[in-house]
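Undergrad: Below is the structure I would like to discuss, written out as structure tokens.
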Amino acid sequence: MSDKLPYKVADIGLAAWGRKALDIAENEMPGLMRMREMYSASKPLKGARIAGCLHMTVETAVLIETLVALGAEVRWSSCNIFSTQDHAAAAIAKAGIPVFAWKGETDEEYLWCIEQTLHFKDGPLNMILDDGGDLTNLIHTKYPQLLSGIRGISEETTTGVHNLYKMMSNGILKVPAINVNDSVTKSKFDNLYGCRESLIDGIKRATDVMIAGKVAVVAGYGDVGKGCAQALRGFGARVIITEIDPINALQAAMEGYEVTTMDEACKEGNIFVTTTGCVDIILGRHFEQMKDDAIVCNIGHFDVEIDVKWLNENAVEKVNIKPQVDRYWLKNGRRIILLAEGRLVNLGCAMGHPSFVMSNSFTNQVMAQIELWTHPDKYPVGVHFLPKKLDEAVAEAHLGKLNVKLTKLTEKQAQYLGMPINGPFKPDHYRY
């Protein structure tokens, strides 16, 4: 059935608007354009049937059309019920690429959309491009008969990578995977600089709140937390960090942030942002101690960090202010403003990361798909990384757009350092 369904989107009439947005984004995504220049003729992904489960945004549309330009067949769903940009989905559908995504899916519709991507006209999927692990998990649990035909998985985000390593340790991962998230040009750019801009965009569009002078609590000080903390401090907030890792906690303290527990911070904060990728970060006892009209949001992948169930069961009243903005009246008389139902605030309430930084991430995705498809012998079942040389190539593809001029090593300097004159310039264990 699924191979006969060309698409399901909110409104195909939005395609012209989506195409204009794609045209602008392409000019901000030099890495993906470089991929097209290098590989459109040779089509290294010819024969690949890629099922993609990743936020259906304008930037993702540029990724999808790059994969198609490189020879792949693609079917797509979003990895979040609120993250689809309907004009982008319409543009992809209009281009003849099967896409099943719209903003505001139910959980049942979300699963249905993923299932529409599993079968192509010439057979089932043979590659996975995932963000968060929902597609990977679905095939391993519900459609294991498809696993033998799948050559590889490329995983976009921290949560999905955790899932892959958990599957590997439990002996249930059956397909080779590349951890795209931990490419330096992904985690140190998308996670940090992307969140530094898109978090504020989401909070401002949702609430119009003045951030200066407020107390902001950021749960987690990984790359995402670092970007969020920088952004909030840049707007004039006093930022408090919560952390479990002593190294990250020390980093936060050395940057001048107060570091304490959520049990303490919940009494002080006006704005709360969870960034951990873990469960049970903000619970009922924290809500009960928050200030009136505290704003609570999440920028981790899943909606498990904030106990939304507690709010729904214990609030006296829930008032929807506008899409993805809800105000809960607690029994103590105070109110809580929850954004995007505890899901990704930057995509639920705004447009996600800017195109330029997503070009870094998605160029890694394209390279990972090419590697897995063309060199399956190099990647046994397990979780792998892209080679350092490719990571550096992703960065170099973006320098011209920023008018960056690289210094070149001389032969003498390269010999002195004991490295190739054209890199790689750092060992794999270097942390940047």
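Backbone N, Cα and C define each Cβ position, glycine as well.
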Undergrad: From the list Y39, Y193, pick out the residue that Swiss-Prot labels phosphotyrosine.
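TA: Swiss-Prot records phosphotyrosine at Y193.
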Undergrad: Tell me which of the recorded positions D131, D190, Y193 ends up closest to S183 (phosphoserine) in space, Cα to Cα.
TA: D190
Undergrad: How many whole Å apart are the CA atoms of E156 (substrate binding site) and Y193 (phosphotyrosine)?
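TA: Rounded to a whole number, the Cα-Cα distance is 16 Å.
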Undergrad: In Å, how large is the greatest distance between any two Cα atoms among T57, D131, E156, K186, D190, the listed binders of substrate?
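TA: If we measure all Cα pairs in T57, D131, E156, K186, D190, the largest is 17 Å.
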